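Visitor: My structure is below; once you've seen it, I'll send some questions.
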Amino acid sequence: MMFFSSTFFVLLLFAILGLISKNMTLSISVVCLFFLSFIYPNLIFPWVEKYALKAGILILTIAVLAPIASGKINARDIFNSFTHWQSILGILIGVFVSWLGGRGVSLMSHQPSVVTGLLVGTILGVAFFKGVPVGPLIAAGLLSLALGKF
């Protein structure tokens, strides 16, 4: 990334949005991208674009499974989750959202033209509504349903 390019200013705007909205995840992400842009960007950014989402999903999955691994959630708790309507609803919604995210990944890889709008929407959601950046996958999944594709 060239210093003071349009890309620089867009990222700077996102960093400022992160600071204004007190969303450190967004601000730290932009700072990391600034640093990466000075260290062989032609080598690093293609790798980040290809593998960072998979790495993030891996880390998120580890975080979700950690209570089971630590024993805070045991087999009995898992079994009991099938005995309460709220838990069953949670299971069904979890299945639906996972399926939706899969559709989103497919749409984003087959129609990259939609990625920009999804990213801008996600960043605005993170900056102003205290959202988390899992939005592009779910948003792309919803978009795929709306478009009737994938």
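Cβ coordinates come from backbone N, Cα and C, glycine included.
Got these off Swiss-Prot a minute ago, pasting:
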type     : residues : note
TRANSMEM : 1-21     : transmembrane segment
TRANSMEM : 28-48    : transmembrane segment
TRANSMEM : 51-71    : transmembrane segment
TRANSMEM : 88-108   : transmembrane segment
TRANSMEM : 123-143  : transmembrane segment
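I would like each feature placed in context: is it buried or exposed, what are its neighbours, and how far apart are things?
Guide: Panel annotation: around the transmembrane segment (1-21), residues 27-31, 33-34, 37, 41, 123-124, 126-128, 130 of the same chain, lying at least six beyond its termini, place a Cβ under 8 Å from a Cβ of the stretch.
Listed by sequence, the residues of this chain that lie at least six past the ends of the transmembrane segment (123-143) yet keep a Cβ under 8 A from its Cβ atoms are 14, 17-18, 20-21, 23, 25-26, 29, 60, 97, 99-105, 107-108, 114-115.
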Visitor: Hey, which bits of the same chain come close to the transmembrane segment (28-48), Cβ under 8 Å, at least six residues off its ends?
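Guide: For the transmembrane segment (28-48), the sequence-distant neighbours (Cβ-Cβ under 8 Å, at least 6 residues beyond its ends) are 1, 11-12, 14-15, 18, 133.
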